[in-house]
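Peer 1: Handing you a structure now.
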Amino acid sequence: MATTTTRAACRALFTFLVVLGVSASDDFAPSPDVDTLDIKNNCSYRVAPVIAPRQGSPPLSFTPVELKGYEYLLGIPMPHGWSGRIWGRTDCSTDGNGKFTCATGDCGSGRLECDGGGGGRPAPAATVAEFALGGKGGTDTYDISLADGYNLPMLMAPYDTSHGGGQCAPTQCVVDLNSACPADQQVNASGRVVACRPSENSGSLKNACPTAKSYADVDAASASTSFSCAVVNTTYTVTFCPDNSEFDPKY
């Protein structure tokens, strides 16, 4: 069951939502090794996270929630062998019939729950964190992807909890791409640009975040845009709208 608590001193305003447990699947046999996922909303506005497992991976155990500004979702177990995609939905609302929709990152379910994440593709655009855990040689691979466009800044930072902090490299796209989005790629809501659609012919997103996976990298499976971590029992922190302190995932 989720519980809430507060951080000490400089983080006293931040709310922690702690989630325990992991669901099982008859066609999935994870190793006993487990990584952990933390999702932090450092934005001043609400963000509804999506965790979309890839085919063959089970849903992770967490309670779907629309995080308020500066709320965290902590302690989601990710078994080795799991792969999937994570993004944030923004500018969400519920109509008079109870249908939940978002201007960016929508998964098409009409509810806060995503029922598999809309096939793993956000609509019309979103910044996406991608994971494949415990692959060849037991190594995790991860990246930030702009193949589905961009809606908010994102940081993914691994932290080795079993050895006191020997951490693998973070990856990020932390610039505001909405303000520089070409007119034909813009997603508008409430009189402002809230996301930037991907384009096969535009390198604007890739140029701004060179370590992120772009539309052109999807078919090529570019190794230069993927990061790897061979450490077991790693905490992966995905942060929306990171500030400087978020580059150290201990905070």
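Every residue, even glycine, has its Cβ placed from backbone N, Cα and C.
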Peer 1: Can you tell which of C168, C173, C241 is bonded to C209 by a disulfide, based on TrEMBL?
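Peer 2: Candidates were C168, C173, C241; TrEMBL matches C209 with C173.
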Peer 1: Choosing among C102, C114, which residue does TrEMBL name as bonded to C107 by a disulfide?
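Peer 2: Candidates were C102, C114; TrEMBL matches C107 with C114.
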Peer 1: Below 8 Å Cβ to Cβ and six or more residues apart, same chain only. Which residues does that give for C168 (disulfide bond)?
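Peer 2: Non-local contacts for C168 (disulfide bond): P158, D160, F227, S228, C229, A230, V231, T234.
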Peer 1: I'm trying to understand the geometry here, so how far is the Cα atom of C114 (disulfide bond) from the Cα atom of C209 (disulfide bond), in Å to the nearest whole number?
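Peer 2: Counting only the Cα atoms, the answer is 28 Å.
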Peer 1: Among the disulfide-bonded residues listed here (C173, C181, C196, C209), which has the Cα closest to the Cα of C92 (disulfide bond)?
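Peer 2: Ranked by Cα distance from C92 (disulfide bond), first place goes to C196.
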